[in-house]
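Reproduced below are the annotations present in Swiss-Prot:
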ACT_SITE  ASP74  active site, proton acceptor
BINDING   ASP74, GLY75, ASN148, GLU149, ARG176, ASP178, THR189, ALA190, TYR191, ALA192, MET193, SER194  NAD(+) binding site
Amino acid sequence: MTQPFQRVLLVSKYHDPSVLPGLRQLRDFLLARDMPTFLESQSAADIGDSLGLPLLSFAEADAGSDLVIALGGDGTLLGTARQTAQSGIPILGINQGRLGFLADLSIHQISEALPPILEGHYQQDLRSILHAELWRSEERVHTGLAVNEVFIHKGGGESMIELQVQMDGRFVYTQRADGLIIATPTGSTAYAMSAGGPILTPTLAALLLVLICPHTLTARPLAVADSVEIVARLTASRQSAALSLDSHCSVPLEIGDEIVIRRASCAARFIHPEEENFFQILRGKLHWADSPGTD
């Protein structure tokens with residue numbers, strides 16, 4: 001058992017009024033337990049309602065006593081993780097999206113599953129985060145964090161892009177493809193998995209490089225130590241190309257641009273029910289390793 005949480009900060013999925021019933025249910029449940037409860041400032045501004053709760057920003061939250069509960073889907077949880085990574089505030093995800101692979105609970109489970117967590121009966125893990133910088137003509141023009149993946153990709157046309165990749169200053173390959181995913185272990189069950197990459201356990205100290213539709217039969221996904229610095233240079237493109245971080249932004253690229261990716265010094269801190277394990281989630285949500293003939 002660890003220290004019980006002293007306050008809860010609620011975060012909602014942005015631009016989605018359908019989360020309001022779930023937020024009200026969470027608010028009522030927490031207040032009935034005399035738990036000091038706040039609504040994240042941007043969430044309140046987005047839904048246009050404070051739900052009668054005091055507002056608190058991520059910057060004002062306390063990593064030593066506060067719990068962030070993010071209500072939404074995986075996108076909400078990823079955005080919350082980027083916001084809290086520097087401070088180390090723990091996050092619990094409650095799914096109100098579709099699959100919700102990263103969110104441990106559904107809104108219907110809170111009465112049973114949430115009290116033990118609030119009282120300190122939980123497990124936690126630190127998830128690595130990627131730091132990406134976009135350099136153009138020796139000038140840094142963009143920087144950001146990614147919990148799942150850094151994605152370098154072609155625009156809307158049919159032509160591939162060409163990328164040259166180096167690792168710690170050593171040449172890895174030059175490939176023509178629709179794109180390149182550099183994923184964390186957390187991101188290995190997202191886009192990288194759909195593109196044929198392997199699944200990594202969440203706390204493994206590794207990164208994945210997965211090409212999207214490469215024009216070759218031999219460039220397989222690559223797992224490397226997360227201590228390396230990866231530099232991907234856009235060497236050719238007949239159309240637009242872009243850089244995306246967790247799919248939440250898209251930055252246009254130009255020929256000669258370099259994207260420098262390394263593990264960030266901060267990490268995402270996720271909270272889970274005590275009885276949960278990663279392989280249970282894989283089986284339950286992705287039907288991983290199902291035996292033939294089983295339901």
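Each Cβ is built from the backbone N, Cα and C atoms, and glycine gets one as well.
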Taking only same-chain residues 6+ apart in sequence, whose CB is under 8 Å from that of ARG176 (NAD(+) binding site), what do you get?
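In sequence order, MET160, ILE161, GLU162, PRO214, HIS215, ALA236 meet the Cβ cut-off.
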Roughly how many Å separate the Cα of ASN148 (NAD(+) binding site) from that of ASP74 (active site, proton acceptor), to the nearest whole number?
10
Distance between MET193 (NAD(+) binding site) and ASP74 (active site, proton acceptor) at the Cα atoms, whole Å?
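On Cα coordinates alone, these residues lie 15 Å apart.
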To the nearest whole angstrom, state the Cα distance for the pair TYR191 (NAD(+) binding site) and ASP74 (active site, proton acceptor).
12
Tell me the Cβ neighbour count for MET193 (NAD(+) binding site), meaning other Cβ atoms within 10 Å of its Cβ, over all protein chains shown.
21
Just to be sure I understand the packing, how many Cβ atoms besides its own are within 10 Å of the Cβ of TYR191 (NAD(+) binding site)?
20
Once the DSSP letters are reduced so that anything not helix or strand counts as coil, what is ASN148 (NAD(+) binding site)?
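DSSP assigns ASN148 (NAD(+) binding site) to coil.
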To the nearest Å, how far is the Cα of ASP74 (active site, proton acceptor) from the Cα of THR189 (NAD(+) binding site)?
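Distance (Cα to Cα, whole Å): 12 Å.
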At 10 angstroms around each C-beta, which of the binding-site residues ASN148, THR189 has the fewest other C-beta atoms nearby?
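Minimum Cβ neighbour count within 10 Å, taken over the binding-site residues ASN148, THR189, occurs at THR189.
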I'd like the Cβ neighbour count for ASP74 (active site, proton acceptor), meaning other Cβ atoms within 10 Å of its Cβ, all protein chains included.
23
Determine the C-alpha span of the NAD(+) site listed in the record, that is the greatest distance between any two of ASP74, GLY75, ASN148, GLU149, ARG176, ASP178, THR189, ALA190, TYR191, ALA192, MET193, SER194, in Å to the nearest whole number.
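Comparing all Cα pairs, the maximum is 30 Å.
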Look up ARG176 (NAD(+) binding site) in the DSSP assignment and reduce it to helix, strand or coil.
strand
